[in-house]
Each structure stands twice: as structure tokens, then as C-alpha cells.
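Residues or ranges marked as signal peptide in TrEMBL: 1-23. Feature annotation from TrEMBL assigns disulfide bond to Cys85-Cys167, Cys118-Cys123, Cys173-Cys398, Cys252-Cys284. What TrEMBL records for His116 is active site, proton acceptor. Taken from TrEMBL, the feature substrate binding site covers Pro215. For Asp329, the entry in TrEMBL reads Ca(2+) 2 binding site.
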Amino acid sequence: MPLKNINGCIILAISIFSILVTSTNPRTELDKFFLLLSSPSSSPDEEKDDRLDFMESSSIVSLASVQDSAGTTAGIEYDFYRSSCPDAEKIVRSTMAQIYSHSKDVSPALLRLFFHDCFVHGCDASILLEDSFGNKSYSTEKQAVPNKTLRGFEKIDAIKEELERVCPGVVSCADIISLAARDGIVLAGGPFYPVFTGRKDSTRSYHDEALAEIPRPDDDLTRLLHLFALKGFNERETVSLLGAHNVGKMSCEFIHNRLYNFNGTGQPDPTLSPDFLNEMRSRCREDNSTLSRDELLERMHSRGSIESASGTQAFQELLSSVPSGADFDTHYYQRLLMGRGLLYADQQLMADKKTEGLVRAYASDDGSTFRMDFAGAMMKMSNLNVLTGSQGRVRLNCSLPLFSTK
């Protein structure tokens, strides 16, 4: 059987198992699966038995959305490092599990890092570069205003260090970002999905493109859908990807202007209900409200305040419909139905009949549809404009353009 066909069979089998995990949805089973994959102590036979037991306890659902998103991208494949670095993905998983045990915030941080990387020139780890072509005077993606609040760079470096000890110069930083983001999602209670590997790293960074192409917190629905459509995502995929806002915290700076100076009017967003406006204002005071969005982000960056306690988790306690300890479920969509989306761009999903219908469908579902759609869209995102073969290189240091000769 040709290698391409074999790889396709592997992808189908892995996709089936990932959707079994996604659709059954209990957190305990997700934890069991993740720990089973990352545990170095289990023998191959024990792992095989446990996985079979897990699969037998699950029910099969439609694979259409995953199969559509898992179309082969030239140069990348499932388990690309099976010969050159067989333990690569296990090392990423185990390192992520260790990091997560000390810092739960790593999951949303790396998810956002992954999104910002892939949305600009594809998943090529260009977001990690601190200079381009060795010229530190050249502006990088990392320095662009939308990226100045990104976190998790040191976590990617830690994973890279572990991989370099075992397989020097083999695993790309681009693959590390995609794998670590997926593993962080699973650790946060989200769906598992297969990630192709074999990406190469970019030799340069794209500052101006980051300014122009990354969606903003204050985007209206037209611009939001347009930016996602440019990357090949339809309305359903866009709405499901925004569900990633289920996890993590949000700094008040992202919503200050919505509360105090919407569109430069000196007034709050008129679509906010008085009670929700007051609740948010009680957590985000008026200081900095006269600054522009870019000035707010510049100030955040200069003082090192990347995350505020007055974030998503703090606002969730206001909603009686949100269960205690809710993580990767549909409460994001439930908030939108109540008119309580934190970002203006989020609440804009209710401004159109089609996107509103998707929000209502996800909010009323038991979570399985959202998780399936999200997994498929994340697979698609991870395959955007990847560099393979001679198109890129494997960096020895994720923040510098120093490359392996392998």
C-alpha cells in the first residue's frame, strides 16, 4: 500500500478516536486519555489495553466535520517524527502536563499564541522571533500591538529545550506550538484532535501583516467574518473558534473603551444593559478610558500588566447559569444569548441571523456539537500555509534565526 494511503488510514483512525473523546465529553475520561498518552511508566501492552477499554466505552458519532478538515496538506503528516524523533509528541505532552500542574493559565496562553502565529502567514513560528535575519532593528510580529499581550513564550522554550536534549535540531518550533496548543486544550477539558507534523520554521517575521490581519476586540461582525474568511474559515468555523474564549482571563484594558469611551464618544457601548455595564464597571474602573486602543495596549505592555484579576473568570461569577468550575463548555455562547459578551466583537455574533443561529445552537447543545466543530476548525487552523521541505528551516532557538543543518 502506498505511504500516502497508509498515512490516510492512520489519520482516519486517529480522527475516529479523537471524536470519540470529543463527543463523550466527560472530563475524567479526557484526563485519563491525556495522562495515558503522556505517562512514561506504562508498558506498551498496558497502554494498548487501556486505550481499547476506553474506546469500547465510547459511542461513535459523525466524522464528517473532522474528515473535511483533515485533508492532507503537502509535506506534513501524522506522526512525522516517528523515525527521526519517536518520542517527540510524548515529550511535548509530558512537558505540558508538568507546566499545567503548576500554571493552569498555560492553556489559554498557548492557544492564543497559536492563533496569532497561524493567522499571520500561517503556522510557521514567526511569532516567536525576536529579530529577523539577525537585524534587531527590524520590527517583528512580537512587537506588533495585537501581540504585545501574548504570553507563553518561555513555555515553548522549555519544551524546545527538552526536545533538543533528545533530538537536537529535529523538531520545529512551529510543530511545538501546534502540539502544545492542542495538549493545552485537552488539559483544560477541551477536545482532543490529531495534529499533523513536519512544519518548518520561518526565517523572518511579519510585523505589518500582524497589525492588519489579526482580529481586534472592537471589530464589528462584518470585519470579523471578513478576516476569518480570508483565511478560509466559514461562519460556522469562525463562531466555533471564538468559543476558545471559554478559557483564560481577560485584562480590563480590552474592554475599557467599551465601558467608558465607545468609538470615541465618551459614552459606553449603547448595546450594554445597565446592570451588566455597572457590574463590569465595578471591576474595571475608569482610569485609562480616554486612551485609544493602541495606547491602552502600549501602557499594558510597558508596565508588564499582561493579565488582570478582573478578567473572564471574575465576570463568570456574575452569571448564575455558569456552573462552578466551568471550563471548556458552552457558557461563552450562553453569555452571548444573555447579552453579556465581554468583548464587543464577541457580542457582535448576535448581530446577524446566521451567526446568532449558530450561537443558539451551541448554547442549547450538550456541548458535543461545539466540541466537534471546534476540533475540526482547530485542525484546519493548524494546517494554514505551513512551510515544509526547503521552504523553511528548523530553528535551534525558537526566538532566533539560528538553524539546524539537518
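Here the Cβ of each residue, glycine as well, is placed from N, Cα and C on the backbone.
TrEMBL annotations: computationally assigned, not manually curated.
Positions of the features from TrEMBL, shown on the structure.
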residue : record                       : contacts (Cβ under 8 Å, 6+ apart)
Cys85   : disulfide bond               : Leu163, Val166, Cys167, Val170, Val171
His116  : active site, proton acceptor : Ile127, Glu141, Pro146, Asn147, Leu150, Ala210, Ile214
Cys118  : disulfide bond               : Met381, Ser382, Leu384
Cys123  : disulfide bond               : Phe114, Asp117, Ala174, Ile177, Ser178, Arg199, Met381, Ser382, Asn383, Leu384, Asn385, Val386
Cys173  : disulfide bond               : Ala125, Leu128, Ile156, Lys160, Asp201, Val394, Arg395, Cys398
Pro215  : substrate binding site       : Phe119, Arg223, Leu224, Leu227, Phe228, Ala345
Asp329  : Ca(2+) 2 binding site        : Gly189, Asn246, Gly367, Phe370
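Look at the disulfide-bonded residues Cys167, Cys252 and count other Cβ atoms within 10 Å of each Cβ; Cys167 has the fewest. Counted within 10 Å of its Cβ, the other Cβ atoms near Cys284 (disulfide bond) come to 25, all protein chains included.
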